[in-house]
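*Asks:* Below you will find the structure I want to go over with you.
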């Protein structure tokens, strides 16, 4: 489905951040802190058979096999859950506690914008609904929807996902992904920016971020040109706003009913940050030594820096990033800028540069939040923004990996509270990852890292600013310890709050999820997050060809739904 959008209003260009740049009027989205009951379409029930045949063995296709109730690695006994599944305790899905969502696979929608293997997707969604999952997270890629021409949108595959989720009784969270996915054409999950945007970057390479060595990062359009008409007469901000507006108009019947939250991408990996380190490196084991590179060397960022330096009478400060910031893999104590004692990050120049650098990122976030709040106002779908969990220098004084990503967070300054205040101003939810990571494991490899410390700071900022929280895993992990850590950290946020607003996104669904032991652990985790005393499963479906057949067993879902689809 290709839909052309009307032209957007023009914006004035501005480089320097000003503290008075706020909208003249503001209306907070009323549905963020309360969820009204949504009417459900007429449906019929589909009984879910969950018998575990003890004579069935596990195979490479991902079928489910029993473990006779034996504890594994000190985990709780599975017999209770097996009993509940066997006897089909399914009067009602539990709505208490913290709802759990599951992120769909990266290749759910193919390069042409069509849903891949819809019948297998139906089986997978049935299984998630049976487990008590609240809904799914659907990444909506700019590079697929507006791929070939500006303002020509193809939503077909995403409309089909939403329709299938509704029929399975699941909610949907849409992530508007304005960034690149994957490392290159050889990557099976490669989704570049729209082709017409890449054409404009070829003409003007400064539309991409650049570090001091001139290396370009193509994951996201540089925020230095947010307000400039560099994309065939539109600014990047106008392009994002047009995309959001067309999404709203296309999915309006589902907003607030099926699509309950919209996460607005604001940088690489959808996170509000600079690409100080290529996204694919963030999960590498040796990332603990990565300081990051300041991304302020494209001509648009340099023009802003120069203008701000001149405005305070220090033009010599506006010629580039800090001198003595070291190399990516250098020990921070051997750098002039990041070293703990007498590092130039503590000097007036260091403060000026980091205020400007983080301020530009905050201004970028505020501009997009303002547009999104206006566009989605009245739809009853809440909105969220994701903050990166860059924790590998958290126990140092200068926090270099956070600083280069745009978070001016050090031992002397809280860099996340200003972001939380900005999100509260526009009624946004804070999304953050690392919920499954533990300091004990991280510090075996990296003694100065602390995912728990960083996460506690983010959770505290959300509590102080009274904004809802959306947690995520940083990797796909099904071990018992990871699930228990998620439960512990979610309680840290909710403890003492009368009406905590917390939900969780599990990243992501793949064939391993439906393997027997992983599926058992995941079901138990959903129950723990729901605070339920017994497993509840209800699968409601509309009359459709794929759901009129005989009842579907968990093992059938595992073998057909994922084992044959997302390899």
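Using the three backbone atoms N, Cα and C, a Cβ is placed for every residue, glycine included.
TrEMBL entries are annotated by machine, without manual review.
Note that this is a predicted model, so its numbers are computed, not measured.
Features from TrEMBL:
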type	residues	note
REGION	1-22	region 'Disordered'
COMPBIAS	1-15	compositional bias 'Low complexity'
REGION	53-79	region 'Disordered'
COMPBIAS	69-79	compositional bias 'Acidic residues'
ACT_SITE	271	active site, proton donor
ACT_SITE	472	active site, proton acceptor
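Tell me about the setting of these features in this model.
*Replies:* Around residue 271 (active site, proton donor), a 10 Å sphere centred on its CB holds 25 further CB atoms from the protein chains shown.
Around residue 472 (active site, proton acceptor), a 10 Å sphere centred on its CB holds 21 further CB atoms from the protein chains shown.
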*Asks:* To the nearest whole angstrom, state the Cα distance for the pair residue 271 (active site, proton donor) and residue 472 (active site, proton acceptor).
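*Replies:* Taking the Cα atoms only, residue 271 (active site, proton donor) lies 13 Å from residue 472 (active site, proton acceptor).
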